[in-house]
Amino acid sequence: MLTQLLVGAAVAATAATAVIDLSAQNWTLSSDNVTVPGHVPSHAHLDLLAAGVIGEPLYGINDIESAWVQRLNWTYSTSLEDLTTDGDTAIWLVFDGLDTFAYIELCGQPVGNADNQFRQWYFDVSNIVQACNASESILSVNFGSATKIVAAIAEHGDLNIESFFNKALLNTIDGAPTEEFCCKEYMRKQQSDFGWDWAPKIGPAGIWQPARLVQLEKTNAASVYIRNTLVDIYRKGQMNNIPPDQSQPFVFNVSIDFIGSLPNGSSLQLTLIDAQDNPIVDSKALEDIYASDETITGIITIDPDLVNLWWPVGLGDQNLYHAIIDIVGDNGPIATVSKTVGFRTIVLNLLNITDSQLAAGVQPGSNWHFEVNGYEFYAKGSNLVPPDAFWPRVNETKIRNLFDAVVTSNQNMLRVWSSGTYLPDWIYDIADEMGILLWSEFEFSDTEYPTNASYMDEYIAEATYQVRRVNHHPSLALWAGGNELEAIILYFYFDARDPGQIQRMYEEIQQKTLIQALYANSRSISYIPSSTYNGFLRLNFSSDMPQLPRYKNTSGADYLYANTDTYNYNVDQAFSVSTYPVGRFATEFGFQSMPSVYSWQQSVPADQLSVFSDMVIHRNRHYGGGITIRDQSISGINQMTAGVEAWYPVPNMTDPIANFSSWCWTTQVFQADYYTSELSFYRRGAGLPNRNMGSLYWQLEDLWTAPTWASVEADGRWKVLMYRAKDIYQPVVAHSFYNTSTGDLEVWAMSDLWSTVNGTMKLSWMNWNGTPVTVPSPDNSSDPISFTIGPINSTLCYKATLPTSSFTPKNSTDLANLVLKVDISATGQPPNSAAKRAYIHTSYFHPASLQDAKLQDPGLTLMSSGVDNGANYEFAVTACTGVAAWVWLDHPLGVQGTFSDNGFWLSRGETKKVQFAVKNDWTEGTWVDGVTVRSIWNNTLSG
């Protein structure tokens, strides 16, 4: 009997409340003539897949074969056996997520409708249950076809948005068909579900988050169910977007949303426990208690000397505390909520450049950098997209592996892109633990949404729920109102005197509504209305538009205000740093590449393993010019192949699979080479007048196998880019900048440490066969170059012009036969560390492209040194006969893991030992025999 189940599932907080997890119920999924077992949480596609009705939607062209699924309505139903109530019990249905257009019935009676994937839905079904016959106790949730519903809404005309991103209802852009469903802006649903340039159009539907049935005793004045909790930790006097006074105590603000009733005079108590189970605060009463019908709020001040600060990875320890908050009545605790919290301040500083900064050489304008616990830091990271087309099958193992890759590659920040969905709490928990800052965004994509009353009410409910849900996480770095919105407004729609529809919608939603939802609930987090933002002229918390946007109101060309978001697919300019944007912070940039042949082998049939096969063309969603989808896709793929053809030896293997593998890999080399150049440019900018203080490349990971910008493939395999990001994101690095027009070469050293770094740089010139070359140094000395780098800064160590009469390399006839190896050795003090440590870094420079360079066979050898500590295998790679460019170790299918280094260079006679950390091995160790090594030299071979 359900009544018995409810009593047995009663939560420990109070005997007057009982909760049952509806995922334990037996569910059925049905539509038309299809009926299969269902699950909660799930999506219809996943349950159909489990029942064998459809194949894996992300394999081959199954996204097309299963397209019929999104066109149908689907109903999830379950029987609540022997459901009874005596009338003294309040029954609530609570859904943490419904995707998206849902109609709920219980006992044959309507419960309500839902039309927003991004919020919690809860319904009082007490009257329905009381009148329900046992034979009718069916709970059903019917999901309408989102693609049909939004198309119908758009056709009505009253909500028409004349948007650049929604020109027509015929799935067209500029007259050419696309692989995206139209009219996304009319729904509160993950936009990438309808297709993106790295994702298929799937349009899933289902109860995608946990659901519960809650029973409360009406006769008990202390019977409540906690549905959401806000914890806001900030310095006394702190306000959003303004650096706080770090000498002030912490304020611990709690606000609990509940269903049910509380007795008059209820209070809140806090117990705070550290990682060693020591009580820091023991059942201390909160002050300024305020209670309403749905919320109880209180605050307490905490002496900062009692707690240790939480820091992002690489900047200090991730100190976390267990907060236990009790709602207390006259007879003791009524309900309890527990949260893991950290004490830190995080601010996006957009204030004007100060006099002291101007004196230090910073360009006038405004700041655009993050500060944690009062310290500015260099943000190093990437952009996170949904890790699967179906969120219900994203599990902790997948995210831990992905976040471990983030930390291992020296990243400290991820931007949670705003055309996906809000991350669940457990992902923030992992980020808290691992020290990864999550720049979070309200899910308003890169388009404007309707501003009529019903939509606006949903935006407020959604934003309020999400802000309160995740605010306690120290990994939360920022809230942004959407993706690239201000840049789009300024480029297409801006009118300072007579704003048009799109600009007015942007200001109403992003500049007024979302910001006020945040500011009303949190003082600890900064807000920007758009991921691209020129900042504000004035900050006024009492205004209906708290941030008066700067837009184009600048003080002149010499002033700098904004971050950058730029893509350039002209491969001829890939390594010309003069084409890179100059800004305070780089939020997006990149170039696509192919996944490895191993990922393709898991995703398409063997006869489709070629660059321009039907399925590769189908799965590519980054389009160039053309009339048909196929023409556009081929044009997009040609951008990648053009990058290979312009800069590297072109693969021409006789074996078709080997040739396809080489092409895939070389597109990754171009991508990694390009990103290394641009990431280094931004890091150098920390020491230049623009004072660049962060770079987040596009994008971290794939959700399916396709040509994309990702650095991690869908199965977790690292692309070349991920290894090179790990290298260039080290604290102290060197990079060579070369102007092919003038021949000017500059070698810079860069540091993101908070204190001065001292070191030496050694330049070693050689031919491709490894023979040393003598090149005059600026002071005619062959000694290492000493350098000093200031805090979060860069310094020029070497400068020359190639070729000139004074630059006459001995033993080298031309620049095509010249390679420079740059070794630096430095000493510096890591943030929040008492001891100094040594830093080393090696990079290579070649003045001629690798396509034109006089490459030599490096004579690579690979030796396995066996197992180290049972999990790490060690390999030794040696370049026996020449310089090896882009040395690459590949592991076969059947094992998951990462190499300690990859995509590196070797000088002649140099041996490098590389460890492979095994995460999963389904081969009983035989995978070791399948590890291979290659370099760019292999592209010159035809075997």
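Backbone N, Cα and C atoms are what each Cβ position is placed from, and that goes for glycine too.
What TrEMBL says about a protein is an automatic prediction, not a curated fact.
Annotation source TrEMBL lists signal peptide at 1-17. Positions annotated as domain 'Beta-mannosidase-like galactose-binding' by TrEMBL: 27-209. The domain 'Glycoside hydrolase family 2 immunoglobulin-like beta-sandwich' annotation in TrEMBL covers 269-344. Positions annotated as domain 'Mannosidase Ig/CBM-like' by TrEMBL: 744-828. The domain 'Beta-mannosidase Ig-fold' annotation in TrEMBL covers 855-939.
Helix, strand and coil residue tallies for the domain 'Beta-mannosidase Ig-fold' (855-939), in that order: 9 helix, 46 strand, 30 coil [DSSP]. Mean pLDDT for the domain 'Glycoside hydrolase family 2 immunoglobulin-like beta-sandwich' (269-344) in the predicted structure: 97. Secondary structure of the domain 'Mannosidase Ig/CBM-like' (744-828), assigned with DSSP and counted as helix (H, G, I), strand (E, B) and coil, comes to 3 helix, 44 strand, 38 coil. Sorting the domain 'Glycoside hydrolase family 2 immunoglobulin-like beta-sandwich' (269-344) by DSSP state (H, G, I as helix; E, B as strand; all else coil) yields 3 helix, 48 strand, 25 coil.
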